[in-house]
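One structure is given below, encoded as structure tokens.
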Amino acid sequence: MSALEVILRLRPTKSEAVGLYKKDSRTVILKSKSGNQEEYKFERVYDTDDSQQTIYGENVCHLVTKVLDGVNVSVLAYGPTGTGKTYTIEGESVSGKEGIIPRAALELCKKVRHLSDDSLLTISCMEVYNEKIIDLLNNDPKPDLKLFEDAQGLIEVEGLTKLTLNSFDDFRNLFLLAKERRTVGATSLNEKSSRSHAIWRFRVNRKIGTGSDAIDREAKIDLVDLAGSEDNRKTLSTDQRFIESTKINLSLTVLKRVIKSVAAKEKNIPTRESKLTRLLRDAFGGNAHTLLILNVGPEEENLRDSSASLDFSTVAKQVLNSPFEGLSMTTPKKTSRMPLELNRTPTSPFAGRMREFNDSIERHKNKILVMKKENRQKAISLKSNLIKELKATEKENNEKIARGSQEKIPSEPALKILKSSGKYQNVIDYLNVGENLTRLEGVGPKTAQKIRDSRPIKDFAHFVKIFGETRATKAAACFVPE
Ligand SMILES: Nc1ncnc2c1ncn2[C@@H]1O[C@H](COP(=O)(O)OP(=O)(O)OP(=O)(O)O)[C@@H](O)[C@H]1O
Ligand SMILES: [Mg+2]
């Protein structure tokens, strides 16, 4: 087992007022405006002036060697918008500022060239944009590639372009092309904000041994530049940017939930709820060695976002993965993809694995039943709390009227409460992307269609207009985020 490695990188500051400092090589201090200080520990902490080479050399270089040994690897940059994720993963086309991708590609090209003639290095690149998978190396890409599970239970992307890299020059051209094709747009917080999650996948196929004993070994390294979490009040996103931002936030919410569930060793991991988490299944609780780079801005004004990311990373550190050597399908008797420990078991290596799968299916079934029950109970309790709140407000208003108060009494107290509680925002986020709208109380097929036709639902007033007051209140009250 190997724990998820989490490192932190501070972006150069844009303001004098700083609230996040590096204390030592493993610690950052978060200092709030009121003077409270909190320490967070990481595998390693990088300051605002640490170079791209330092980040690569100390964290990724040895992982590239692991891939050649047959171990799957994932490297992800995570953090709020504008904090340096793309800078870290892709970098800039200026000497010394190249990011992890070109550095890893150069090393892979060199190392694979020195291996046997049969070794093969391939590259794929895709983006998940508005929950659609787009091939960035295809000149005539499909609007949305499908995911499927192969015979070995691995998630693959149907028809994704896979190109052989014979030299670093091959890579350089493809890198420029894919970067140009990736969806990027300006927001008030980042002139070149990534509007999609990008996944660069390098695969190495090697033949180990000779003659009839030869086995084919395959491993991949995923280099992932996630889109950043966004607060639309800060980014001032409208229309297209707003839709993108909703989908970005939703897929990041699913990612966080997956990581939390894996960290808590829950039996039901919500991987299937977003394309991103399906694509990155190996990375969290799976068979890859995973490095999570947390990018944050040190400015005081960003403390809320930074603090949320730091808290999240504390959870992520508890994720345990089981990296193992991957053997490809071309040598039938040795095609299993088993943890290393199982690989060494001399007798019946599949029996234990099959039992594990069967047990896990049973556990999942039970968990689903429990979840359904729990969600129902949660909804009932939310609803009764809201009714209590409404009654209290109504009583207060009646008393004010009786006292002859001149204060303006809200005409729709229920909706006012909902608006101020912010609960409706969860519903709006869900309505803008959710397919199974029947999770909301009182939504039949007709209303569901009306909601789909009205997307994107922009704000509270828009939400109430589509739903009607009563149903909007009910929907927000009964909405249970999973
Ligand atoms: N370590 C760094 N050194 C120098 N410049 C940096 C560094 N980190 C980020 N920047 C600069 O900060 C800006 C924002 O960075 P970047 O686009 O990488 O953010 P991001 O996290 O990818 O944002 P988004 O989530 O919106 O895509 C860019 O101009 C980038 O060059
Ligand atoms: Mg970016």
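Here the Cβ of each residue, glycine as well, is placed from N, Cα and C on the backbone.
If you look up TrEMBL, you'll see 3-319 marked as domain 'Kinesin motor'.
With a 10 A radius on its CB, Gly79 (ATP binding site) counts 27 other CB atoms from all the protein chains. The feature ATP binding site is assigned by TrEMBL to Gly79, Pro80, Thr81, Gly82, Thr83, Gly84, Lys85, Thr86.
Positions annotated as coiled coil by TrEMBL: 354-403.
Residues Arg11, Ala77, Asn190, Gly228, Asn295, Val296, Gly297 surround the recorded ATP site, their Cβ atoms falling within 8 Å of the Cβ centroid of Gly79, Pro80, Thr81, Gly82, Thr83, Gly84, Lys85, Thr86, which are themselves excluded.
A sphere of 10 angstroms centred on the C-beta of Thr83 (ATP binding site) encloses 27 other C-beta atoms. With a CB cut-off of under 6 A applied against ligand 2, none of the binding-site residues Gly79, Thr81, Gly84 are retained. Here the Cβ of Thr81 (ATP binding site) has 23 other Cβ atoms within 10 Å, regardless of which shown protein chain they belong to.
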